[in-house]
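As written in TrEMBL, here are the features:
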REGION    1-20  region 'Disordered'
BINDING   Thr89, Arg112, His113, Arg114, Glu120, Asp217, Leu218, His219, His223  FAD binding site
BINDING   Gln109, Trp110, Ile111, Arg112, Glu120, Tyr121, Ser122, Ala123, Arg124, Arg201, Arg228  dUMP binding site
ACT_SITE  Arg228  active site, involved in ionization of N3 of dUMP, leading to its activation
Amino acid sequence: MPLSPEQQAEIDAQRAETHQTRRAVAPGMEAWLYKAVPVLDHGFVRAIDYMGDDAAICQAARVSYGRGTKSVSNDAGLIRYLMRHWHSTPFEMCELKLHVKLPVFVARQWIRHRTANVNEYSARYSILDREFYIPEPGALAAQSTVNNQGRGAALEGAEAARVLDWLRDDATRAYDHYEAMIGETGPDGTPQQGLARELARMNLPANVYTQWYWKVDLHNLFHFLRLRADSHAQWEIRVYAEAICKMVADWVPHAYSAFEDYRLGGAQLSAKGVECVKRMLRGEEVTQETSGMSKGEWREFMGVVG
Ligand SMILES: Cc1cc2nc3c(=O)[nH]c(=O)nc-3n(C[C@H](O)[C@H](O)[C@H](O)COP(=O)(O)OP(=O)(O)OC[C@H]3O[C@@H](n4cnc5c(N)ncnc54)[C@H](O)[C@@H]3O)c2cc1C
């Protein structure tokens, strides 16, 4: 369970409040605000605040005095045009602030996206919770034999059971020692100084959960989602990205639909790739050997056009 009853009560109280504003309000995102969407076994993602909507993108693109929107089809067409031609700054006019609870090894991948503002829970100041990511059996996969940076089929039988036991036991023992080191009494009940939290935390494994507030503009959020909602991203970060995709689809439906079409579902071809497509359309039989591409490039190219 990612939330305690007290935390859920705080969220409910905040969701019960409403305020009047002259600012643009996106009804789709209002429905998501503050709700914790569960991800993995103890994690979540929740929208804390946002700025702008689809109209804000058009308003900025047209540098308007008022709302700056025209007909729905005109606005949707403009947004598609901006996305298609990488005219990205109007998308930067929208912002999203998220509260994310995630395992440290996922956070290490996430934090590589430098174009966001982050404030992480302080494990120098506070004590981390006894919460570790333990994969569901279906997510406990073997090393991929074709991709060094990927996974294959799920582990089975005794091996799966053994791995799960080790993950649980090691995490539990590491946390027990963490608690014992920072405690005010030793194992025999005698008083001890207690190791500083900033040092004791180094004993915790990378599957312990951390939390942060993460604020990003829509252009850079799309960049993050394009990389992390992709099938090549590690599954444990992908499930967070997919949860965020659902929020963004409701927040800025026209922008998300353009993003889905041109970025998530679209593909980029090299000059050699474009030339091969042209030759194929002329009825020529093109092979990897005659394409001018490496084996890896050809495999990816055929993944797009094959
Ligand atoms: C499938 C996958 C595998 C990966 N594997 C590895 C790995 O093995 N090892 C590893 O270290 N990383 C790895 N990464 C991380 C990757 O290299 C990027 O660091 C990460 O995806 C963030 O991308 P970004 O820099 O474009 O994003 P952001 O930091 O959000 O930056 C967005 C854009 O802003 C610009 N920008 C931001 N900061 C600078 C800067 N200082 N200088 C110039 N331009 C800047 C760039 O145009 C950049 O694309 C992997 C990522 C993915 C998706």
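Glycine too: its Cβ is placed from the backbone N, Cα and C atoms.
Checked against Ile111 (dUMP binding site), the binding-site residues Thr89, Glu120, Leu218, His223 differ in C-alpha distance, with Glu120 being the nearest.
Checked against ligand 1, the binding-site residues Thr89, Gln109, Ile111, Glu120, Ser122, Arg124 give no residue with a Cβ under 6 Å from it. Neighbour counts of Cβ atoms within 10 Å were compared across the binding-site residues Arg124, His223; the minimum falls on Arg124.
For Ser122 (dUMP binding site), the count of additional Cβ atoms within 10 Å of its Cβ stands at 11 [all protein chains shown]. Around the Cβ of Glu120 (FAD binding site), the number of neighbouring Cβ atoms within 10 Å comes to 13. Sorting each residue of the region 'Disordered' (1-20) by its DSSP state yields 12 helix, 0 strand, 8 coil. Comparing His113 (FAD binding site) with Arg228 (dUMP binding site), their Cα atoms are 10 Å apart once rounded. Cα of His223 (FAD binding site) to Cα of Arg124 (dUMP binding site): a distance of 32 Å.
Of all the Cβ atoms in the protein chains shown, 13 others lie within 10 Å of the Cβ of Ile111 (dUMP binding site).
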